[in-house]
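Peer 1: So TrEMBL says this about it:
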DOMAIN    9-218  domain 'Cytidylate kinase'
BINDING   Gly13, Pro14, Thr15, Ala16, Ser17, Gly18, Lys19, Gly20, Thr21  ATP binding site
Amino acid sequence: MSIKLPPIITIDGPTASGKGTISKIISEKLGWSLLDSGSIYRALAFEMINNDIPINDFDSILKLAINLKIFNNGRDLCTYGLSTNNKIRSEEIGRIASIVASNYKVRQALLDKQRSFLSCPGLVADGRDMGTVVFPYAFLKIFLTADISIRAQRRYDQLINKGNIVNIASIVDSIRDRDERDASRLCSPLLPAPDAHVVDSSTLDIEKTLSIILDLYKYKLGPSCN
């Protein structure tokens, strides 16, 4: 007899597409668990820096990934019992995370750690390969995207609000490089799942984007559950 898993909504998309914000709000509205998979790769990058592991030492990176102790304490992501959320959001951490994420063995080492976030009553999973690799059996798959200029402005505003000194041109370049790296990697390239609903948020605010995704969720539930 097969075991019925809790429902999963996957929200994939490129950097600064708004998937993190949208995923968090939806998980709160539904009362479901939240997986921010990008934070796991960022946490790995953070631990690489803490352990003085160079970016080309993939044997040491793989060992670190295998032994990475990570969990969600209900508020934010923790590694080895310590909250890392405020320490992993820099552009440099993101750059390192993107590079190590291109390694197949590293991705495999982190696969079960990501799947362990699934719990009742459901899970909202935010990332780049949630609907294609991590949870291919998800109840609802969303691919959230936006024009690069819009995404760069969003990231700029986010960093400025946190007190960082940045310029928009460097952010555009960083996002373009990240997009190319994510789309061209051999393992788990960034692309919509065949059964994903593509949502372009270039001209949408948060409320409208939420409305579209929640309407898709209700549609998937069927008329008897609306």
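Any Cβ shown, glycine's included, is placed from N, Cα and C.
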Peer 1: Excluding Gly13, Pro14, Thr15, Ala16, Ser17, Gly18, Lys19, Gly20, Thr21 themselves, which residues in that chain have a Cβ inside 8 Å of the centre of the Cβ atoms defining the ATP site?
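Peer 2: Along the chain, the qualifying residues are Ile22, Leu144, Ala146, Arg151, Arg154.
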Peer 1: Measuring CB to CB from Lys19 (ATP binding site), give everything in the same chain under 8 Å that is also at least six residues away in sequence.
Peer 2: Ile11, Asp12, Gly13, Asp126, Gly127, Leu144
Peer 1: Under a criterion of Cβ-Cβ distance under 8 Å and sequence separation of at least 6, what residues of the same chain contact Ser17 (ATP binding site)?
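Peer 2: Leu144, Thr145, Ala146, Arg151, Ser201 - these are the non-local Cβ neighbours of Ser17 (ATP binding site), listed in sequence order.
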Peer 1: Sort out for me which one of Thr15, Thr21 has the most neighbouring CB atoms within 10 A, since those are the binding-site residues we care about.
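Peer 2: Highest number of other Cβ atoms within 10 Å: Thr15.
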